[in-house]
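Take this structure, written in structure tokens, and hold onto it; I'll ask about it next.
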Amino acid sequence: MQTDLSDSSFFNHKSVMTDEILASLEHYPLIHNNQLKGIDATLGGGGHSYHLLRKYSDLHIIGLDQDPFARKSASKKLDEFKNRIDIRAANFADFEPKEKVSFVIADLGVNSNQIDDPKRGFSFQKDGPLDMRMNPFLEVDAEKLIETLQEKDLANLIYKYGDERLSRKIARKIKMDLKVNGKYSGTKELAYSIAGCFPPKQRYKKIHPATRTFQALRIAVNKEIEVLEKFLQIVPDWLLPGGIISIISFHSLEDRLVKSSFKNDQRLKNLTKKPITPSEQEVEINKRARSGKLRVAQLN
């Protein structure tokens, strides 16, 4: 079952590290000039773009998002800037701007509203279908993924993308459940089955034992690593000389890719040898910000 596109009221995502994103763009030498253009490669609910459009009165932004629910919500949030925001249905790895821009920002985190909406299937806090697609038109969802992968491949995926040491045991349990009982009823049943692979003392810790496996499945369903690798290769070509790339990541796989790209791409000057992290005040207000890491680079 899909969420009704007519109801975007649930999409109330709180953008992460907004002040730090704004500060990172001050490295661009012409940031205060007229006719400034930028790309928000992960528009989401429009939070980062909202603050940018408020700060820079002559700024025009192209906002990209593959999630139709996010685009509808962002359109409402940014209505007062409708003459300066161009919202596109696109995955950032497949986009090609017609002209170069002054900056590109990207927040690689899963939108909190995607997590909180049980119909999207990202979370086990509330039961929902095993979906996990950021773009609801993708062919393979989480249910189809676990059904079609061989046990060994599923274990490797859970280990690689979730850093889960019990990946083999979990994959074996998932494939056995599917063989004996058929499809899982939803996210909660899968999470319960995964938790059963852990010793009793580890089942009731602060972080749910299924968290890493769910992360791995989400990354695989949306091909997040492959998409990010492609994006990092093409994004310098989007920029004007001196242009800025600011990327927020939330797990080590993504951060390593961004760090390596900014360090080794000869087209770029790395402006953050160490990542910028959220302030204590922000983490206190928004717990989901705590693992955010911002890295910034400038086109030579």
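Note that Cβ sites are derived from N, Cα and C of the backbone, with glycine treated the same way.
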Which one of Phe92, Phe124 goes with Gly46, Gly47, His48, Asp65, Asp107, Gln114 at the S-adenosyl-L-methionine site, as Swiss-Prot has it?
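Candidate in the recorded S-adenosyl-L-methionine site: Phe92.
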I'd like the number of other C-beta atoms within 10 A of the C-beta of Gly47 (S-adenosyl-L-methionine binding site), please.
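Around Gly47 (S-adenosyl-L-methionine binding site), other Cβ atoms within 10 Å: 22.
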